[in-house]
Each structure stands twice: as structure tokens, then as C-alpha cells.
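J.: Annotations per TrEMBL:
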- 12-28: transmembrane segment (TRANSMEM)
- 12-391: domain 'Major facilitator superfamily (MFS) profile' (DOMAIN)
- 48-67: transmembrane segment (TRANSMEM)
- 79-97: transmembrane segment (TRANSMEM)
- 138-161: transmembrane segment (TRANSMEM)
- 167-189: transmembrane segment (TRANSMEM)
- 210-236: transmembrane segment (TRANSMEM)
- 248-266: transmembrane segment (TRANSMEM)
- 278-297: transmembrane segment (TRANSMEM)
- 303-324: transmembrane segment (TRANSMEM)
- 336-356: transmembrane segment (TRANSMEM)
- 368-386: transmembrane segment (TRANSMEM)
Amino acid sequence: MRLESQRLWTKSFISICLSSFFIFITFYCQTATLPTFVTDNLGESQSLAGWVLTVYVIAGVLMRPFAGRWMVGPHRSKVLILSLIGFMAVSLFYPLVSSFGFLLVLRALQGVSFGAATTGNGTIVAEIVPTQRKGEGLGYYTLSFNLAMVLGPFVGLLVIQNANFNVLFYILIACGVLGLALGWSTARIPKPSTEEGSVHKQEKLTFKSLFEVGAIPISITALLLAIAYSGILSYVPTYAKEIGLSSISSYYFVVYAIIMVLARPFTGRMFDKLPRNMLVYPTLLLYAGGLVVLASANSAFTFLLSAGIIGLGYGSLFPCLQAIAVQSVPRERVGLATSTFFIFFDSGVGIGSVLLGSVASATSNRTMYLAAAAIVALAAIVYFALLHRNAAPKPQAAKNA
């Protein structure tokens, strides 16, 4: 029975990972292609095109604290299913878009369902992953949307270059259906006890009922790291063009993904077996170092080398931070911890895109990436001040299932 309790690759775990993959591949595909749809098909300006992501992120951030609160209660399965239905249903209307205003309405509605669905999936994964394999399990889970980050833009750009946006929209509808079907198939989801559920019903709408205070320190660290990461998401193609490497810019995230995938099984197990500081500080150093290499890149080798270093550093660090967030709270508060973590992370991505973009406009992209490295260094200081002393050694992990 003990061995059974430590199984990681259960039907529920695989289903949730795949469900998240299809949700995030839709998100990243839309992120890469909808600005072009706005300018070319709707005839709007590039400045307005940026709102298709901003509105989406804002709606998701506003939804997360409420989704986290609902996931604490006894109806978490229904919350997840309804959010997945909403995500898929909104996708049905994209082929009908003929005005920018209608598109923004769809983006807001889908952002709400995205915030709820990803909070729900993250909460359930944190519940079903064995305690002694938390780092490893969450590492594989985050790998699902890390891979979507690479495949989404690739598929989206390939489709609009060889077909049209309606074909792309129908493909994304299919992704929504698959995300819903896989989420629905997860029937056995741990629920709070009757006592916990009754407490949830009686709890008033307060800050504590929407946010998990115990997860805020690590979430602040994640916010700073997300600010730095937004410079990778938003400006690598522009930077590659600036330094004469636009022909290989599409390979940047491919290298990033390959290194991340290769490292993830090892770093997840290291997190479970070793004191967490032994993994957090080296990955922070790799993350900052990769940004410095990127800032100084003057050849294809150094440009792609930075992708590998950042893939190893940030790609290994993110699931560790999420594991710390859910391990720092009681089991019945995991939903709130998950939503709190992603509220801070999503906010960091939104803030960073504007902040680092302003730095790049005022100086250069090289300076912007050096500033991003400095922000990672600041995140390390914040982690040391708020969390270093609380990093207890890990018990020996159970044998793999």
C-alpha cells in the first residue's frame, strides 16, 4: 500500500497533464498569432493588437483568487469542468470575429475560464502527486505547458503561413475539446473532508479567503522571476533581428525546450531528495547567467547557448517554486496557494513586458537583458531574506512507481 501511495504516473495525473497541455498550446498559439490577425484581418494598429494579450491576462488574474477559493471547497471537480467547458465554448466564436470589440469580449471571457481552469488543474495535480515526489511530479506537470510554449507559436505561425486563420481557429477548437475531455476523465479527485468543506462555506469573503498568506513569500520571488522571463517571451525575436540572427531566432525556444526536457526528471528528483536551497540557488545563478550571455550574444553559438542555460536554470527553477508554494500550506489550502502563486506570476509577466519594453526603448535590448539579470539577482536576495532559513531538508524520496 505504501508503494501504491507513491505512484506518480496514474491515469488522473496523465489526464491533467495532457489537459493542461491543450489549454496552454491554445494560449501560446493565440499569443503568437492574434496580433497579426488584428492588424491584417481587422485592420487595427499594432498598439491596439497588444490588448488581445493584456485583456486576457487581466481577466485571468482577476479570476484566480476566486477560483482558488472555490477549489478549497467540496465542488472542485465541478469548478474545473465548468471552466473547461467555458474555455472550449468561447473558442467556438473565434471564426465569427469581424470586429476588434467582439474579439476583446471573447478574450476577456476566455481569460476568465483560462484562469479558473489552470488554477483548477494546478490544485488537483498538487493534491494527487505523492508528497515525497512533489518536486518531480510538479516538474513533469509544468513541462506540459513549457512544451506548449514551444509548439503553440510554431503550429500557429505554420498554419497562418500555409492556410488561414479560420483553419487555425478550428484547430484550437479541437484543442479545447481535447482539454475538456481529458479534464472530464479525471473522476477521482481528492476532496476536502466534511469539516473542511463546512468551514469553507462559512468563511466570509476576505483577503485570507482569496489568498494564501503562507504562499506569498515564494510568490513574490516568482513575480520577480516572471518579470525577467517576460523579456524572453516578448523580445527574443526582436533582439535576434537587431543582432543579425533573425534566421535562427525560431530555434531559440527549441533549444530551450530540449534542455529543459532533458533536465526536468533529474532536477525534480533532486528537489525531493535534497534541501531545496541546494537546487534553488544554482538554478537562480544559471538563470541570471543565461540572461547575461544573451545580452552579450554576438554569434549564433552564444545566442543559442543562452537558450540552453536559461532552459536549464529557469526551466528547472519554476516547478521547484510551485512545489514550495503548495508545500508551505495545509492540504486544504493548496487551491488558494496555487492561485496565489499564479496571480503573482501572471502579474509579473504583464508588468515585465511593459517594464522591460520601456527599458529596451530607452536604451537597447542588450541593456534590457542585463536589467533582467539584475532582477533575477534581486529575486535571489528576496528568496534569501524570506525563505532561506525555512528550507528544511527533504526526507528520502520513495522509490519510483
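Cβ atoms here come from the backbone N, Cα and C positions, even for glycine.
Mind running through what each feature is packed against?
T.: Confidence over the domain 'Major facilitator superfamily (MFS) profile' (12-391), given as mean pLDDT on the 0 to 100 scale, stands at 84.
Here the transmembrane segment (79-97) has long-range neighbours at 19, 23, 26, 42, 67, 70-71, 103, 106, 109-110, 112-114, 116-117, 120-121, 124, 166, 169-170, 172-173, 175-177, 179-180, 183-184, 186, 189, meaning same-chain residues at least 6 beyond its ends whose C-beta is under 8 angstroms from one of its own.
Sequence-distant contacts of the transmembrane segment (210-236) (same chain, at least 6 residues past either end, Cβ-Cβ under 8 Å): 65-66, 68-69, 149, 249, 252-253, 287, 291, 310, 314, 317-318, 321, 324-326, 328-329, 333, 336-337, 339-341, 343-353, 355-357, 360, 365, 368-369, 372-373, 375-376, 378-379, 382-383, 386-387.
Proximity of distant same-chain residues to the transmembrane segment (248-266), defined by a Cβ-Cβ separation under 8 Å and at least 6 residues beyond the stretch ends, is recorded for 136, 139-140, 143, 146-147, 149-150, 153-154, 236-237, 240-241, 300, 303-304, 307-308, 310-312, 315-316, 319.
Outside the transmembrane segment (303-324), and at least 6 residues removed from its termini, the chain residues within Cβ reach (under 8 Å) are 122, 134-135, 138-139, 141-143, 146, 218, 221-222, 225, 229, 232, 240, 243, 245, 248, 251-253, 255-260, 263-264, 267-268, 271, 276, 279-280, 283-291, 293-294, 297, 338, 341, 387.
Long-range neighbours of the transmembrane segment (368-386) within the same chain, counting only residues 6 or more positions beyond its ends whose Cβ lies under 8 Å from a Cβ of the stretch, are 217-218, 220-221, 224-225, 227-228, 231, 235, 239, 280-281, 284-285, 287-289, 291-292, 294-295, 352, 356-357, 359-360.
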J.: Could you check whether the transmembrane segment (48-67) packs against the transmembrane segment (336-356) - three or more CB pairs closer than 8 Å, residues at least 6 apart in sequence?
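T.: Taking Cβ pairs at least 6 residues apart, the transmembrane segment (336-356) and the transmembrane segment (48-67) are in contact, with 3 or more under 8 Å.
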J.: Sequence gap of 6 or more, Cβ distance under 8 Å, 3 or more pairs: do the transmembrane segment (12-28) and the transmembrane segment (336-356) meet that?
T.: no
J.: By Cβ distance under 8 Å, which residues at least 6 away from the ends of the transmembrane segment (336-356) in the same chain are close to it?
T.: 54, 57-58, 60-61, 64-65, 67-69, 71-72, 118-119, 122-123, 126, 209-212, 214-216, 218-220, 222-231, 233-235, 321-322, 325-326, 328-329, 368, 371-372
